[in-house]
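Data first, discussion second: the structure below is written as C-alpha cells.
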Amino acid sequence: MLRSIPATRLLSALSGSSVLVKCLWGAALLLYFFTFWFDTLTLLAVTPGLLLPPNLRLWTLATHGLLELHIWDVLGSLLLTFGAGRRLEPLWGAPELLIFYGLVSVAVGILGSLIYLLAYAATSDLYYLFSAHVHGFPAFAGAVIVAHKQTLGDGQMESKWWMRALPQLVFLIVMALSLVSLIPSRVFVGYSLGMVTGWVYLRFYQRHSRGRGDMSDHFSFASFFPGRVQPAAALLGSLAHAILVKLHLCPRALKRYDVGAPSSITISLPGTDPQDAERRRQLALKALNERLKKVEDQTSWPNMEEEDDEDGSQKDSSFHSCIIPDTSGQEPSMPQSYEAEPKL
C-alpha cells in the first residue's frame, strides 16, 4: 500500500498535465526501458566521434536529451518536464515550448561535441571521441532555470533574491560536485551549455509582438554575475551580440522612438512590450490571490448581521429593565433599585 502512494501521485500529476508533457514523459520512460535490452548510450546519445562523418548519427541530437540510464535520473527528468509544463507552457504555449526544447537539445549536442573535440585535440586521448557522451536532462534543466529567471522579472512579489539567482546557485553547486567527482563531468558540461543556449535564444531569438528577444535589463548577461564582475560580463555580452549580428545569425536590437507620444518621446526595445509586462502582472496577481486565499482560510471572519442583531436585542432588554410601565396615566416610575439624588 505504501509503495503505491508515489505511483498514484505520479499518475494524478500526469493526468492533469498537457499533451506535450505526456509525450515527453512517455519518450523518456520508453528510452529508459530500452536500456535493459539495447546499447542505447551508443545508439541514442551524442558521441563526438560518431556525430562526424562518415557515421553522421544526426538523430542523436534529438534523442540525447531524453536518454537516462538510472532511475533517479529518470525521475529528475520527469519532474523537470512537469515543472516546465506548469510554468512555461501557460505563458508560451505548447509549440513554443517544444521549439525551445528542440533548439536547446540540438545546440547543446553540437556545442558539447565541439568541446570534446577540442579536448581531444589538446590531449590526443581517444576517450573524448568515442567514450565521452552527451545525454540527459541537465542541458534542458539549465535552459528551464534561465527561462524561470526571465518570467520572474523585477516587479513580482514572489521574486526573492535566491529565486533570481537560482541559475548561478545551481551552476556553482554542479561545478563543485563535478570537481570533487561526485557527479560526472557531462552534467556540468550539459548544464552550462543549456544555460548559455537558453539565454541566447530567449535574449535574441524568441518571437514577440514587437520583434524578437528580451532586451530588458533584468535579463542581460551581466545580471547573472555579482556587482563587481558585471562590467566585464556586460562587455562579453555585447561582444557576443555583435558577433552574432556580424554573422547574420541575430537581428540587430533597434530602438524605436515614438515621436507622436503626448507627453514625451518614448523608447521601446524588442521584448519589452506590454505583453511581457502583462505576463508578469498576471503572475504577481495570481501569487497575491493565493496568499489572500490562505489568509481567509486560516481566519474566520465574524458575521456582522448577527452581531447587530445581538447588540439590538441587548439594548432592548436593558431598556425594558430600566423603565417600568405604568397604566395609571402618570409618568413611568423608576425601578426599585434606583436611588434618587438628594435635594441640596
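Indices start at 1 and increase along the chain as displayed.
Glycine is no exception: its Cβ is also placed from the backbone N, Cα and C atoms.
Features of the protein shown, as given by TrEMBL:
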- 20-38: transmembrane segment (TRANSMEM)
- 97-120: transmembrane segment (TRANSMEM)
- 126-149: transmembrane segment (TRANSMEM)
- 161-182: transmembrane segment (TRANSMEM)
- 188-205: transmembrane segment (TRANSMEM)
- 295-344: region 'Disordered' (REGION)
- 327-336: compositional bias 'Polar residues' (COMPBIAS)
Segment proximity, the transmembrane segment (20-38) to the transmembrane segment (126-149), 3 or more C-beta pairs under 8 Å: no
Selected stretch (most C-beta pairs under 8 A with the transmembrane segment (161-182)) from 20-38, 97-120, 188-205: 188-205
